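**Student:** Pulled these features from TrEMBL for this protein:
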{"type": "BINDING", "residues": "A:45, A:428", "note": "Mg(2+) binding site"}
{"type": "BINDING", "residues": "A:64, A:67, A:422", "note": "Ni(2+) binding site"}
{"type": "BINDING", "residues": "A:67, A:425", "note": "Fe cation binding site"}
């Protein structure tokens, strides 16, 4: 069947990458295949300029609500690097628990609210509350677990207020730690139920492979999320100070988001990149989950990113239990309720990198001698995946060019969704208009 | 209003934190869909319909495309409710309103900032300033905050469905702080926007968590009269000083603009 294809979407502006797909073919010949990303420019790198070092993290946390804690944390690491501020061992552990809570919340949101309805052939999670009541309640409980961790350690589920340069304004007491410990211990049945559910639907995930480069943090002693240095599956350890040479940001006309490339024409960041680069450091239960899906490094199937998120959810629960054990064993060093670390403000440039749920995130700030920001730069994981999505599409579309058009569209939607670019972009992607044999322009 | 009104959610320039707070209602979101019929909610579902009575709008209006969408939503909805700081007072997006827009573009895009002048680069367009929904269309009600508070959102819906008046309270955050028994931020030697920021929905969470009030819920109706004077007198601070203090959220509200014509687009 040699068909004409014309797929194009509405232009929609959003933070962290609203996208649309453009596919045009005539008589079965592919003419155009483009992953277009349309962000309404929000100019965060300008917003921080002229403002004080102790407001920076507050402003940039608003880049994204789903990963606001990671943006906060990455900004803090950059501020602390630039102003030479120390963070205690205890506070570093507490920050890792903040990140764990946020990543569990984000992964479960993606798997349960986006990917799952798709695999189950539903349009959203809402009708599933009737047809799959138990499954939906399980997903809600796991999602709430991540949010409860954020409330306990960061004070709020999104845009928390407790993490500040040098530490925390407030920390939980031992009884709150124990409550979270109990909730984490009781969550295994829910994790197993979700694993079984996704396993039963895993055959819906398209079988597609394209070799690419994976970039994430890595650390000699732990599965790197908070601490660590950048690492490429192609070239090994990388220098954080020269992160601009890792990401090589460039502007393309099809996108207001900058694209990136490193050793190849594109690279991938996120859960699959981390699992590929640091598989050996996953917790025992996380490895069991990976094995049950046959996920082993190096996996070049982008659709397995969904599975990698599930693997990491198990890892984070186990790892959080270890962190809480360590904190309780050492005894919590108490602090006042309105703690504010002493900071000697000096001029300086600082760079921070952290693993956000969607991949490695870089923040870079320069402050003058009064601590006023002169320059800011944020390289967001979603942007680092755009070029990889584009090249996946270019390889994938010709292999399905004879399939019914709605199937092509559906598979491409699932591809984009597998990268979990940002919840609203992905759902919006489902609204793509499909105009047969007609190209009406934007 | 019908027994089970149709509601829709729309987002513009923002972080989606307000819709996320609604998803974070968890079980209570399932209760919510018992009493309202959600016909469009991009963050959680792929269906969409233009037939709705209540529209919730999140995010700031920063492009011509945003403005056209907002006007369409306004014409479809009986009741339009702005949710979150970006939609109610333009939020952190408006920080750039006080900056030179040429520099703003250059800081983010460097040499490529000239794409904004290139008519072929269709995606590169933006108003010089960020605006809240009320700058362009009538807004019946607001749920303030960055992000909104889930309980306050539920209260608003409940009042609407019961025929009550979901208008906002007009007391300062200081009142909430007293209820929470917080130590006053001024007493800790810091400046706080609590005395002139609208309270009544956030439980003074930022101060409670050890930070200061950043003003994300916007000013009280009349910042000259509705202030929490006791605190200002005790610490010898004026309303004017506070309004000009740290302006993370108030760049639009300090000099509100209601353009009769769409602002010039930089493209």
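Heads up, the Cβ atoms here are built off N, Cα and C, so glycines get one too.
Automatic prediction, not curation, is the source of TrEMBL annotations.
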**Student:** At a 10 Å cut-off from the C-beta of residue A:67 (Ni(2+) binding site), count the other C-beta atoms across all protein chains.
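**Tutor:** 29, counting other Cβ atoms within 10 Å of residue A:67 (Ni(2+) binding site).
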**Student:** How big is the gap, in Å, between the Cα of residue A:64 (Ni(2+) binding site) and that of residue A:45 (Mg(2+) binding site), rounded to a whole number?
**Tutor:** 14
**Student:** Measuring CB to CB from residue A:45 (Mg(2+) binding site), give everything in the same chain under 8 Å that is also at least six residues away in sequence.
**Tutor:** A:375, A:376, A:377, A:378
**Student:** Which of these binding-site residues, A:45, A:64, A:67, are close to chain B by Cβ (under 8 Å)?
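**Tutor:** Out of A:45, A:64, A:67, A:45, A:64 lie under 8 Å of chain B.
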**Student:** Within 10 angstroms of the C-beta of residue A:64 (Ni(2+) binding site), what count of other C-beta atoms is obtained when all protein chains are considered?
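**Tutor:** I count 28 other Cβ atoms within 10 Å of it.
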